[in-house]
Amino acid sequence: MSNIETKNPETESLELLQFYAEWCQPCRMMMPVIASIQQKQYDWLTIKQIDVDAESIIANQFNIRSIPTFVAIKNNKEVWRKAGMINENELLEILRSLK
């Protein structure tokens, strides 16, 4: 599917991929939201941030057409996707429902 290393498919861990670019203002506005979630250190969640300019092959593999885009992966399958901004509470609610 992609060159992104994913966790063992036997685990129940959820991965959130955040596709962004340094020049993207909405992406920069989402950084504190992602940082806040990372600081909580949920054992069921791994977050990976992917710069679409530096990792264009991965962005293409995931068919990223706008940024920011968030993709949730569970057991090596995409289970959720959102293009655009989202607030922390809504994002956490969605992620918890997917775990």
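A Cβ is built for glycine as well, from the same backbone N, Cα and C atoms used for every other residue.
As written in TrEMBL, here are the features:
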DOMAIN    1-99  domain 'Thioredoxin'
DISULFID  C24-C27  disulfide bond
Key: Tally of residues which DSSP labels helix, strand or coil - the domain 'Thioredoxin' (1-99)   = 32 helix, 27 strand, 40 coil
Task = Grab the pLDDT values for the domain 'Thioredoxin' (1-99) and give me their mean, rounded.
result = 91
